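Visitor: Take a look at this one; I'll ask things after.
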Ligand SMILES: Nc1ccn([C@@H]2O[C@H](COP(=O)(O)OP(=O)(O)OP(=O)(O)O)[C@@H](O)[C@H]2O)c(=O)n1
(Lines of atoms letter the chains of each structure in order from A and count residues from 1; the text may use other names and numbers.)
(Lines give C-alpha, C1' and ligand atoms only; values in the text may rest on other atoms or scores of the structure.)
Protein backbone atom coordinates (compact mmCIF):
# COMPACT_ATOMS: atom_id res chain seq x y z
CA UNK A 1 0.00 0.00 0.00
CA UNK A 2 1.26 3.48 -0.73
CA UNK A 3 0.89 6.55 1.40
CA UNK A 4 -1.28 9.06 -0.52
CA UNK A 5 -0.56 12.21 1.52
CA UNK A 6 2.92 12.73 0.02
CA UNK A 7 3.31 16.37 1.14
CA UNK A 8 2.72 15.41 4.77
CA UNK A 9 5.02 12.37 4.73
CA UNK A 10 8.03 14.29 6.09
CA UNK A 11 6.10 15.05 9.31
CA UNK A 12 5.27 11.41 10.00
CA UNK A 13 8.86 10.40 9.09
CA UNK A 14 10.46 12.90 11.42
CA UNK A 15 8.16 12.06 14.34
CA UNK A 16 8.74 8.33 13.86
CA UNK A 17 12.51 8.80 13.51
CA UNK A 18 12.40 10.31 17.00
CA UNK A 19 10.47 7.39 18.44
CA UNK A 20 6.94 8.83 18.30
CA UNK A 21 3.85 7.37 16.70
CA UNK A 22 2.17 9.44 14.00
CA UNK A 23 -0.88 8.94 11.78
CA UNK A 24 -3.04 10.91 9.39
CA UNK A 25 -6.51 11.04 10.96
CA UNK A 26 -10.07 12.25 10.48
CA UNK A 27 -11.49 13.94 7.40
CA UNK A 28 -8.45 13.40 5.16
CA UNK A 29 -8.63 9.60 5.47
CA UNK A 30 -12.42 9.66 5.04
CA UNK A 31 -12.23 11.83 1.93
CA UNK A 32 -9.36 9.76 0.50
CA UNK A 33 -11.49 6.60 0.77
CA UNK A 34 -14.42 8.43 -0.77
CA UNK A 35 -12.28 9.77 -3.61
CA UNK A 36 -13.19 13.29 -2.66
CA UNK A 37 -10.86 16.31 -2.71
CA UNK A 38 -8.69 16.48 0.43
CA UNK A 39 -8.75 19.83 2.24
CA UNK A 40 -6.69 19.55 5.40
CA UNK A 41 -4.32 16.79 6.40
CA UNK A 42 -4.50 16.41 10.19
CA UNK A 43 -1.93 14.35 12.04
CA UNK A 44 -2.29 12.65 15.42
CA UNK A 45 0.87 11.77 17.33
CA UNK A 46 2.13 10.43 20.64
CA UNK A 47 4.60 13.36 20.75
CA UNK A 48 3.77 16.19 23.14
CA UNK A 49 3.34 19.70 21.68
CA UNK A 50 6.74 20.80 22.99
CA UNK A 51 8.37 17.87 21.14
CA UNK A 52 6.56 18.80 17.94
CA UNK A 53 7.72 22.42 18.24
CA UNK A 54 11.32 21.31 18.75
CA UNK A 55 11.32 18.85 15.84
CA UNK A 56 10.18 21.20 13.05
CA UNK A 57 11.64 24.43 11.71
CA UNK A 58 8.44 26.40 11.30
CA UNK A 59 5.59 25.83 13.73
CA UNK A 60 2.69 27.86 15.12
CA UNK A 61 1.21 26.88 18.48
CA UNK A 62 -2.42 27.28 17.35
CA UNK A 63 -3.97 25.43 20.27
CA UNK A 64 -1.18 24.33 22.52
CA UNK A 65 -3.54 23.72 25.49
CA UNK A 66 -5.46 21.31 23.32
CA UNK A 67 -2.26 19.78 22.01
CA UNK A 68 -2.33 21.28 18.53
CA UNK A 69 0.69 22.69 16.74
CA UNK A 70 0.61 23.79 13.09
CA UNK A 71 3.64 22.66 11.11
CA UNK A 72 4.30 24.90 8.11
CA UNK A 73 6.00 23.72 4.96
CA UNK A 74 5.98 24.92 1.33
CA UNK A 75 2.98 27.19 1.91
CA UNK A 76 0.97 24.36 3.50
CA UNK A 77 -0.06 24.09 7.12
CA UNK A 78 -0.58 20.76 8.87
CA UNK A 79 -2.28 20.43 12.25
CA UNK A 80 -0.33 18.04 14.44
CA UNK A 81 -2.26 17.09 17.58
CA UNK A 82 -1.11 15.00 20.50
CA UNK A 83 -3.26 11.89 21.14
CA UNK A 84 -5.89 13.10 23.53
CA UNK A 85 -9.16 12.29 25.19
CA UNK A 86 -11.48 15.06 26.14
CA UNK A 87 -13.12 14.68 29.52
CA UNK A 88 -15.94 17.17 29.92
CA UNK A 89 -17.54 19.77 27.72
CA UNK A 90 -19.01 21.84 30.55
CA UNK A 91 -19.94 24.89 28.52
CA UNK A 92 -20.77 22.81 25.42
CA UNK A 93 -18.17 24.79 23.54
CA UNK A 94 -14.69 23.84 24.58
CA UNK A 95 -13.46 20.68 26.19
CA UNK A 96 -13.10 21.31 29.90
CA UNK A 97 -9.92 19.46 30.30
CA UNK A 98 -7.82 17.85 27.65
CA UNK A 99 -6.06 14.72 28.74
CA UNK A 100 -3.14 13.56 26.66
CA UNK A 101 -3.21 9.82 26.21
CA UNK A 102 -0.68 7.34 24.99
CA UNK A 103 -2.67 5.37 22.49
CA UNK A 104 -4.17 6.08 19.12
CA UNK A 105 -7.14 3.93 20.14
CA UNK A 106 -8.15 6.30 22.95
CA UNK A 107 -7.76 9.25 20.59
CA UNK A 108 -10.02 7.66 17.99
CA UNK A 109 -12.61 6.74 20.63
CA UNK A 110 -13.31 10.39 21.40
CA UNK A 111 -14.14 11.27 17.82
CA UNK A 112 -17.66 11.94 16.56
CA UNK A 113 -18.47 9.51 13.75
CA UNK A 114 -17.02 6.19 12.64
CA UNK A 115 -16.23 7.65 9.19
CA UNK A 116 -14.13 10.33 10.95
CA UNK A 117 -12.40 7.91 13.32
CA UNK A 118 -10.14 6.35 10.72
CA UNK A 119 -6.37 6.70 10.80
CA UNK A 120 -3.65 5.92 8.26
CA UNK A 121 -0.06 5.02 9.06
CA UNK A 122 3.04 5.96 7.06
CA UNK A 123 2.77 2.72 5.05
CA UNK A 124 -0.75 3.58 3.91
CA UNK A 125 -2.36 1.00 6.21
CA UNK A 126 -5.74 2.05 7.52
CA UNK A 127 -6.55 1.65 11.20
CA UNK A 128 -10.28 1.14 11.46
CA UNK A 129 -11.37 0.31 15.00
CA UNK A 130 -15.06 1.20 14.67
CA UNK A 131 -16.10 -0.15 11.27
CA UNK A 132 -15.71 3.23 9.61
CA UNK A 133 -14.87 1.65 6.25
CA UNK A 134 -18.01 -0.49 6.39
CA UNK A 135 -20.08 2.65 7.12
CA UNK A 136 -18.44 4.43 4.21
CA UNK A 137 -19.39 1.51 1.95
CA UNK A 138 -22.95 1.45 3.34
CA UNK A 139 -23.10 5.26 3.06
CA UNK A 140 -24.08 5.59 6.69
CA UNK A 141 -23.38 8.05 9.51
CA UNK A 142 -22.95 6.33 12.88
CA UNK A 143 -21.40 7.69 16.05
CA UNK A 144 -18.35 6.14 17.65
CA UNK A 145 -19.77 4.25 20.63
CA UNK A 146 -22.88 5.54 22.39
CA UNK A 147 -24.59 8.32 20.46
CA UNK A 148 -25.90 10.10 23.59
CA UNK A 149 -22.38 10.36 25.01
CA UNK A 150 -20.87 11.74 21.81
CA UNK A 151 -23.70 14.28 21.54
CA UNK A 152 -23.52 15.39 25.14
CA UNK A 153 -19.78 15.97 24.73
CA UNK A 154 -20.49 18.34 21.85
CA UNK A 155 -24.11 18.80 20.71
CA UNK A 156 -22.90 20.49 17.51
CA UNK A 157 -22.14 16.95 16.38
CA UNK A 158 -25.85 16.56 15.59
CA UNK A 159 -25.59 19.37 13.05
CA UNK A 160 -22.29 17.94 11.79
CA UNK A 161 -23.88 14.51 11.33
CA UNK A 162 -26.72 15.92 9.24
CA UNK A 163 -24.29 18.15 7.34
CA UNK A 164 -22.16 15.08 6.46
CA UNK A 165 -25.37 13.29 5.43
CA UNK A 166 -26.05 16.18 3.04
CA UNK A 167 -22.52 16.55 1.67
CA UNK A 168 -21.86 12.84 1.21
CA UNK A 169 -25.45 11.73 0.45
CA UNK A 170 -25.27 9.34 3.42
CA UNK A 171 -28.10 8.17 5.66
CA UNK A 172 -28.17 8.60 9.42
CA UNK A 173 -28.30 5.42 11.56
CA UNK A 174 -31.55 4.67 13.42
CA UNK A 175 -29.94 4.82 16.86
CA UNK A 176 -28.44 8.19 15.97
CA UNK A 177 -31.83 9.50 14.78
CA UNK A 178 -33.41 8.62 18.11
CA UNK A 179 -30.51 10.08 20.08
CA UNK A 180 -30.58 13.32 18.05
CA UNK A 181 -34.32 13.55 18.69
CA UNK A 182 -33.84 13.06 22.44
CA UNK A 183 -30.99 15.53 22.66
CA UNK A 184 -32.18 18.13 20.12
CA UNK A 185 -32.67 20.77 22.82
CA UNK A 186 -28.95 20.74 23.61
CA UNK A 187 -28.37 22.61 20.34
CA UNK A 188 -29.68 25.71 22.12
CA UNK A 189 -26.44 25.71 24.10
CA UNK A 190 -24.26 25.85 21.02
CA UNK A 191 -23.00 29.12 19.61
CA UNK A 192 -25.07 30.21 16.64
CA UNK A 193 -21.92 30.94 14.61
CA UNK A 194 -20.99 27.24 14.69
CA UNK A 195 -24.55 26.20 13.85
CA UNK A 196 -24.68 28.70 11.02
CA UNK A 197 -21.52 27.21 9.49
CA UNK A 198 -22.98 23.71 9.56
CA UNK A 199 -26.40 24.80 8.27
CA UNK A 200 -24.80 26.72 5.41
CA UNK A 201 -22.83 23.63 4.39
CA UNK A 202 -25.88 21.41 4.83
CA UNK A 203 -27.86 23.60 2.43
CA UNK A 204 -25.03 23.33 -0.12
CA UNK A 205 -24.78 19.52 -0.04
CA UNK A 206 -25.87 17.13 -2.79
CA UNK A 207 -28.28 15.41 -0.44
CA UNK A 208 -29.80 18.58 0.98
CA UNK A 209 -33.47 17.53 0.75
CA UNK A 210 -32.94 14.31 2.69
CA UNK A 211 -30.72 16.11 5.21
CA UNK A 212 -33.41 18.74 5.76
CA UNK A 213 -35.82 15.85 6.24
CA UNK A 214 -33.53 14.63 9.03
CA UNK A 215 -33.45 18.07 10.65
CA UNK A 216 -37.24 17.91 10.88
CA UNK A 217 -37.48 14.23 11.82
CA UNK A 218 -35.10 14.73 14.75
CA UNK A 219 -36.80 18.04 15.70
CA UNK A 220 -33.39 19.70 15.68
CA UNK A 221 -34.70 22.38 13.34
CA UNK A 222 -37.29 23.59 15.86
CA UNK A 223 -34.52 24.42 18.35
CA UNK A 224 -32.81 26.85 15.94
CA UNK A 225 -33.43 30.62 16.16
CA UNK A 226 -36.61 31.79 14.40
CA UNK A 227 -37.36 28.28 13.12
CA UNK A 228 -39.69 27.13 15.88
CA UNK A 229 -42.54 26.88 13.37
CA UNK A 230 -40.48 25.74 10.38
CA UNK A 231 -42.41 24.00 7.61
CA UNK A 232 -40.90 20.76 6.33
CA UNK A 233 -42.84 20.44 3.07
CA UNK A 234 -41.92 23.95 2.00
CA UNK A 235 -38.27 23.56 3.04
CA UNK A 236 -37.71 20.35 1.08
CA UNK A 237 -39.68 21.39 -2.00
CA UNK A 238 -36.93 23.80 -3.13
CA UNK A 239 -34.56 22.70 -5.93
CA UNK A 240 -31.39 23.77 -4.13
CA UNK A 241 -29.27 22.23 -6.89
CA UNK A 242 -30.35 25.01 -9.23
CA UNK A 243 -28.67 27.54 -6.91
CA UNK A 244 -24.98 28.43 -6.93
CA UNK A 245 -24.09 30.45 -3.85
CA UNK A 246 -24.73 30.27 -0.10
CA UNK A 247 -26.65 33.54 -0.18
CA UNK A 248 -28.99 32.12 -2.85
CA UNK A 249 -29.67 28.98 -0.83
CA UNK A 250 -30.38 30.99 2.31
CA UNK A 251 -32.67 33.29 0.32
CA UNK A 252 -34.64 30.32 -0.99
CA UNK A 253 -34.85 28.82 2.47
CA UNK A 254 -36.08 32.05 4.09
CA UNK A 255 -38.67 32.70 1.37
CA UNK A 256 -39.88 29.09 1.67
CA UNK A 257 -40.36 29.59 5.40
CA UNK A 258 -42.22 32.87 4.92
CA UNK A 259 -39.60 34.72 6.97
CA UNK A 260 -40.23 38.35 6.04
CA UNK A 261 -37.89 40.04 8.48
CA UNK A 262 -34.45 39.20 7.08
CA UNK A 263 -32.84 41.72 9.45
CA UNK A 264 -34.23 39.99 12.55
CA UNK A 265 -33.19 36.58 11.20
CA UNK A 266 -29.70 37.82 10.36
CA UNK A 267 -29.38 39.29 13.84
CA UNK A 268 -30.39 36.11 15.63
CA UNK A 269 -28.11 34.03 13.38
CA UNK A 270 -25.29 36.58 13.80
CA UNK A 271 -24.70 37.01 10.10
CA UNK A 272 -22.21 39.64 9.00
CA UNK A 273 -23.59 42.92 7.67
CA UNK A 274 -22.53 41.85 4.22
CA UNK A 275 -24.36 38.51 4.41
CA UNK A 276 -27.47 40.24 5.73
CA UNK A 277 -27.40 42.86 2.99
CA UNK A 278 -26.88 40.29 0.24
CA UNK A 279 -29.72 38.03 1.36
CA UNK A 280 -32.11 40.94 2.05
CA UNK A 281 -31.46 42.24 -1.45
CA UNK A 282 -32.04 38.86 -3.09
CA UNK A 283 -35.24 38.31 -1.09
CA UNK A 284 -36.54 41.73 -2.14
CA UNK A 285 -35.75 41.24 -5.84
CA UNK A 286 -36.97 37.64 -5.97
CA UNK A 287 -40.34 38.65 -4.55
CA UNK A 288 -40.50 41.51 -7.05
CA UNK A 289 -39.65 39.19 -9.92
CA UNK A 290 -42.34 36.68 -8.88
CA UNK A 291 -44.89 39.31 -9.94
CA UNK A 292 -43.12 41.26 -12.67
CA UNK A 293 -40.94 40.43 -15.69
CA UNK A 294 -37.49 41.90 -16.20
CA UNK A 295 -37.11 45.14 -18.11
CA UNK A 296 -34.15 47.43 -18.82
CA UNK A 297 -34.61 49.35 -15.62
CA UNK A 298 -34.94 46.43 -13.24
CA UNK A 299 -32.00 44.58 -14.87
CA UNK A 300 -29.86 47.72 -14.47
CA UNK A 301 -30.81 48.38 -10.84
CA UNK A 302 -30.53 44.72 -9.77
CA UNK A 303 -27.22 44.24 -11.67
CA UNK A 304 -26.52 41.29 -13.98
CA UNK A 305 -25.08 39.00 -11.29
CA UNK A 306 -28.14 39.38 -9.08
CA UNK A 307 -30.49 39.09 -12.06
CA UNK A 308 -28.97 35.70 -12.84
CA UNK A 309 -29.12 34.65 -9.18
CA UNK A 310 -32.77 35.70 -9.02
CA UNK A 311 -33.60 33.74 -12.17
CA UNK A 312 -31.98 30.70 -10.54
CA UNK A 313 -34.08 31.36 -7.44
CA UNK A 314 -37.25 31.39 -9.54
CA UNK A 315 -36.16 28.07 -11.01
CA UNK A 316 -35.50 26.71 -7.51
CA UNK A 317 -39.15 27.46 -6.67
CA UNK A 318 -40.29 25.82 -9.92
CA UNK A 319 -41.66 29.14 -11.16
CA UNK A 320 -39.70 28.50 -14.36
CA UNK A 321 -38.25 25.28 -15.77
CA UNK A 322 -34.63 24.60 -16.84
CA UNK A 323 -35.31 25.60 -20.46
CA UNK A 324 -37.01 28.82 -19.43
CA UNK A 325 -34.13 29.51 -17.02
CA UNK A 326 -31.54 29.41 -19.80
CA UNK A 327 -33.81 31.58 -22.02
CA UNK A 328 -34.14 34.08 -19.19
CA UNK A 329 -30.38 34.15 -18.59
CA UNK A 330 -29.71 34.84 -22.28
CA UNK A 331 -32.37 37.54 -22.33
CA UNK A 332 -30.84 39.17 -19.24
CA UNK A 333 -27.37 39.13 -20.88
CA UNK A 334 -28.80 40.81 -23.95
CA UNK A 335 -30.54 43.56 -21.97
CA UNK A 336 -27.38 44.10 -19.92
CA UNK A 337 -25.09 44.29 -22.96
CA UNK A 338 -27.37 46.84 -24.61
CA UNK A 339 -27.71 48.95 -21.50
CA UNK A 340 -26.09 52.39 -22.11
CA UNK A 341 -24.57 52.34 -18.60
CA UNK A 342 -23.84 49.60 -16.07
CA UNK A 343 -23.36 51.69 -12.97
CA UNK A 344 -23.86 55.23 -11.71
CA UNK A 345 -20.13 55.87 -12.17
CA UNK A 346 -20.56 55.53 -15.94
CA UNK A 347 -22.93 58.53 -16.12
CA UNK A 348 -21.35 61.41 -18.06
CA UNK A 349 -22.43 63.81 -15.29
CA UNK A 350 -22.21 63.52 -11.53
CA UNK A 351 -23.46 65.30 -8.41
CA UNK A 352 -20.92 68.13 -8.76
CA UNK A 353 -22.30 69.00 -12.18
CA UNK A 354 -25.83 69.15 -10.74
CA UNK A 355 -24.66 71.41 -7.89
CA UNK A 356 -22.83 73.76 -10.26
CA UNK A 357 -25.69 73.94 -12.76
CA UNK A 358 -28.34 74.54 -10.10
CA UNK A 359 -26.33 76.65 -7.69
CA UNK A 360 -28.05 74.72 -4.89
CA UNK A 361 -26.45 73.12 -1.85
CA UNK A 362 -26.19 69.33 -1.75
CA UNK A 363 -29.15 67.63 -0.07
CA UNK A 364 -31.60 64.77 -0.52
CA UNK A 365 -32.64 66.31 -3.85
CA UNK A 366 -29.26 65.33 -5.29
CA UNK A 367 -29.60 61.56 -4.83
CA UNK A 368 -33.14 61.77 -6.19
CA UNK A 369 -31.99 63.64 -9.29
CA UNK A 370 -29.15 61.19 -9.96
CA UNK A 371 -31.50 58.21 -9.65
CA UNK A 372 -33.92 59.88 -12.04
CA UNK A 373 -31.09 60.49 -14.50
CA UNK A 374 -30.05 56.82 -14.28
CA UNK A 375 -33.62 55.85 -15.21
CA UNK A 376 -33.73 58.27 -18.13
CA UNK A 377 -30.38 57.11 -19.52
CA UNK A 378 -31.07 53.40 -19.03
CA UNK A 379 -34.43 53.70 -20.79
CA UNK A 380 -32.77 55.59 -23.65
CA UNK A 381 -34.73 58.81 -23.08
CA UNK A 382 -31.58 60.88 -22.43
CA UNK A 383 -28.23 60.35 -24.15
CA UNK A 384 -25.32 59.72 -21.84
CA UNK A 385 -23.36 62.83 -22.80
CA UNK A 386 -22.81 66.04 -20.86
CA UNK A 387 -24.78 68.32 -23.20
CA UNK A 388 -27.85 66.07 -23.29
CA UNK A 389 -27.77 65.61 -19.54
CA UNK A 390 -27.40 69.34 -18.92
CA UNK A 391 -30.38 70.15 -21.08
CA UNK A 392 -32.45 67.39 -19.36
CA UNK A 393 -31.42 68.76 -15.97
CA UNK A 394 -32.30 72.37 -16.85
CA UNK A 395 -35.71 71.32 -18.17
CA UNK A 396 -36.28 69.40 -14.98
CA UNK A 397 -35.36 72.44 -12.88
CA UNK A 398 -37.74 74.65 -14.87
CA UNK A 399 -40.62 72.17 -14.55
CA UNK A 400 -40.01 71.76 -10.83
CA UNK A 401 -39.94 75.54 -10.28
CA UNK A 402 -43.22 75.91 -12.17
CA UNK A 403 -44.82 73.20 -10.05
CA UNK A 404 -43.75 74.69 -6.72
N1 LIG B 1 -17.24 18.17 17.07
C2 LIG B 1 -16.24 17.46 16.56
C3 LIG B 1 -15.41 18.01 15.57
C4 LIG B 1 -14.39 17.24 15.04
N5 LIG B 1 -14.17 15.99 15.49
C6 LIG B 1 -13.05 15.17 14.98
O7 LIG B 1 -12.05 16.03 14.46
C8 LIG B 1 -11.79 15.75 13.08
C9 LIG B 1 -11.49 17.02 12.33
O10 LIG B 1 -12.61 17.89 12.39
P11 LIG B 1 -12.97 18.94 11.28
O12 LIG B 1 -11.73 19.47 10.69
O13 LIG B 1 -13.95 19.89 11.86
O14 LIG B 1 -13.81 18.13 10.22
P15 LIG B 1 -13.42 17.07 9.15
O16 LIG B 1 -13.87 15.72 9.62
O17 LIG B 1 -11.99 17.21 8.74
O18 LIG B 1 -14.38 17.40 7.94
P19 LIG B 1 -14.57 18.73 7.13
O20 LIG B 1 -13.20 19.29 6.86
O21 LIG B 1 -15.32 18.32 5.93
O22 LIG B 1 -15.39 19.61 8.04
C23 LIG B 1 -13.05 15.02 12.60
O24 LIG B 1 -12.78 14.20 11.50
C25 LIG B 1 -13.43 14.25 13.83
O26 LIG B 1 -12.63 13.09 13.96
C27 LIG B 1 -14.99 15.46 16.47
O28 LIG B 1 -14.81 14.33 16.86
N29 LIG B 1 -16.02 16.20 16.99
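Any Cβ shown, glycine's included, is placed from N, Cα and C.
Below are the features I grabbed from TrEMBL:
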type    : residues                        : note
BINDING : 27, 30, 111, 154, 157, 160, 163 : ATP binding site
BINDING : 27, 30, 111, 154, 157, 160, 163 : CTP binding site
BINDING : 40, 42                          : Mg(2+) binding site
DOMAIN  : 22-142                          : domain 'Poly A polymerase head'
DOMAIN  : 170-227                         : domain 'tRNA nucleotidyltransferase/poly(A) polymerase RNA and SrmB- binding'
DOMAIN  : 242-392                         : domain 'CCA-adding enzyme C-terminal'
Visitor: From the Cα of residue 40 (Mg(2+) binding site) across to the Cα of residue 163 (ATP binding site), what is the distance in angstrom?
Guide: 18
Visitor: What binding-site residues among 27, 111, 154, 157, 163 have a C-beta sitting less than 6 Å from any atom of ligand 1?
Guide: 27, 111, 154, 157
Visitor: Around residue 27 (ATP binding site), how many other CB atoms lie within 10 A of its CB?
Guide: 18
Visitor: Tally of helix, strand and coil residues over the domain 'tRNA nucleotidyltransferase/poly(A) polymerase RNA and SrmB- binding' (170-227) according to DSSP?
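Guide: Per DSSP, the residues of the domain 'tRNA nucleotidyltransferase/poly(A) polymerase RNA and SrmB- binding' (170-227) fall into 43 helix, 2 strand, 13 coil.
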Visitor: Looking only at the domain 'Poly A polymerase head' (22-142), what are its DSSP counts of helix, strand and coil residues?
Guide: 32 helix, 39 strand, 50 coil
Visitor: Please work out the number of neighbouring Cβ atoms within 10 Å of the Cβ of residue 40 (Mg(2+) binding site), leaving out its own Cβ.
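Guide: There are 13 such Cβ atoms around residue 40 (Mg(2+) binding site).
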Visitor: Validating a neighbour-count step here. Other CB atoms within 10 A of the CB of residue 160 (ATP binding site): how many?
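Guide: Summing over all protein chains shown, residue 160 (ATP binding site) has 20 other Cβ atoms within 10 Å.
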